[in-house]
Amino acid sequence: MKKNIAVLPGDGVGREVAKGATAVLEAVGQRFGHEFEFEYANIGGAAIEESNNPLPNETLELCKQSDAVFLGAVGGPKWDNLPSHMRPERGLLAIRKELSLFANLRPVIGFHSLLQSSPLKPEIAENVNMMIVRELTGGLYFGKPSERRGDNQEVVVDTLQYTREEIERIVEKAFELAVIRNKKLTSVDKANVLESSRMWREIVNEKAELYPQVEVEHMYVDAAAMKLISRPRDFDVIVTENLFGDILSDEASMITGSLGMLPSASLRSDGFGMYEPVHGSAPDIAGFNKANPMAMILSAALMLKYSFHLREEAEAIEQAVQEVLNAGYRTVDLQSTGGTVVGTEQMIDLIAQRVEEGSAISSIMGAYM
Ligand code: IPM
Ligand code: MG
């Protein structure tokens, strides 16, 4: 198989971890006989520096002509005081919208070897395996008007808008995932307060009739926030609107111990997708070879699975990550779990090598096997 992939490293540690995704895909290519070609473009702060535009047209065109997109991360203190339409984050929101990437899949899977780094008790955090399905191109992030107004500009308004169609497609996606997972869907809303949530709930109930094998529950977002840390194993698939999904996915990442382990896929209805780590640009550690590349590397596995239907290849990447962790290697964010701390580049090499060879690496940390 031959695929063209657009790589948008972005800012901060995005530039360091992006190499993780390309290196493991090259290793997959070697081992399984595929060809991946990468073309690079700027987004976010890097693009503002280059062309005064957080999402230049060339970047968007490159993505549209590619088979899939990798994104590192955007943002940094340097651009924090720019007007809102010029912020790096604007580039990220624009690319999601322009490419119609309405379905954001954020799997939250606890690695057994990292259990100690979770702030939750091990008996609560172990064996967590959930999929957060976040609506990504609607709601408060995109509703108009969104502005300051009034004589003194001291009245502010943001708009939470959804059409029936926008809700239907994300709910359908979540049901499809629940069917191939553990057949449980939790729809998260605020239907005791918000009109948008009441229609959301109505649509979930309508769709539920088409998926009788899936057990459906509705949960208010405040209760869901609580349950995520008290009984995280109760969740299988969670479906929710844009802002709730943003908040709950950061919260859920902590169950696994580090935001540095969480990959994501943002999909269009035809399977085209953009793949990125859930973590941000982490300007405080950028440039020091300290970032955890595993969220980015696991995002490459999601690309193989969701866009290219290469399941065995995707599993080879997931397995390699697991084995490198089992062999005792850690990035700085995971050092509380013991083992040998390595830099971003070394971690990338270890995992890529493991993917390419498909044979066990020798452990320098026998005690942690
Ligand atoms: C995320 C991020 C973005 C979001 C920011 C950087 C705009 O937090 O992908 O979760 O809010 O969607
Ligand atoms: Mg977020």
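Using N, Cα and C of the backbone, Cβ positions are placed for all residues, glycine too.
The domain 'Isopropylmalate dehydrogenase-like' annotation in TrEMBL covers 4-351. Summarising the annotation, TrEMBL assigns NAD(+) binding site to 76-89, 280-292. Annotation source TrEMBL lists substrate binding site at Arg96, Arg106, Arg134, Asp222. Taken from TrEMBL, the feature site 'Important for catalysis' covers Tyr141, Lys190. Annotation comment: TrEMBL describes Asp222, Asp246, Asp250 as Mg(2+) binding site.
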*Spatial neighbour of Arg106 (substrate binding site) that is closest, considering only the binding-site residues Asp80, Ala282, Lys290 and their CA atoms*: Ala282
*Taking each of Asp246, Asp250, Ala282, Ala286 in turn, which of these binding-site residues have a Cα lying within 10 angstroms of the Cα of Arg134 (substrate binding site)?*
Asp246
*What binding-site residues among Pro88, Asp222, Asp246, Ala286, Lys290 have a C-beta sitting less than 6 Å from any atom of ligand 2?*
Asp246
*Residue among binding-site residues Ala282, Ala286 with least C-beta crowding, 10 angstrom cut-off*: Ala286
*How many Å lie between the Cα of Asp222 (substrate binding site) and the Cα of Asp250 (Mg(2+) binding site)?*
14
*Out of Gly76, Pro88, Asp246, Lys290, which binding-site residues lie by ligand 1, with a C-beta less than 6 Å from some atom of it?*
Asp246
*If you run the three-state DSSP split on Arg134 (substrate binding site), which class comes out?*
strand
*For Ser84 (NAD(+) binding site), write down the residues of its own chain that are at least 6 apart in sequence and whose Cβ falls under 8 Å from its Cβ; none is a fine answer.*
Arg90
_Between the Cα atoms of Asp250 (Mg(2+) binding site) and Ala282 (NAD(+) binding site), what distance do you get, rounded to the nearest Å?_
14
*Between Gly76 (NAD(+) binding site) and Arg96 (substrate binding site), what C-alpha distance do you get in Å?*
20
*Please work out which residue of Asp80, Asp222, Asp246, Asp250 has the most C-beta neighbours within 10 angstroms of its C-beta, and give that one of the binding-site residues.*
Asp246
*Using the Cβ centroid of Asp222, Asp246, Asp250 as the reference point for the Mg(2+) site, which residues of the same chain not in that list have Cβ within 8 Å?*
Val221, Ala225, Leu243, Phe244, Gly245, Ile247, Leu248, Ser249, Glu251
*Asp246 (Mg(2+) binding site) versus Ala282 (NAD(+) binding site) - Cα distance in angstrom*: 17
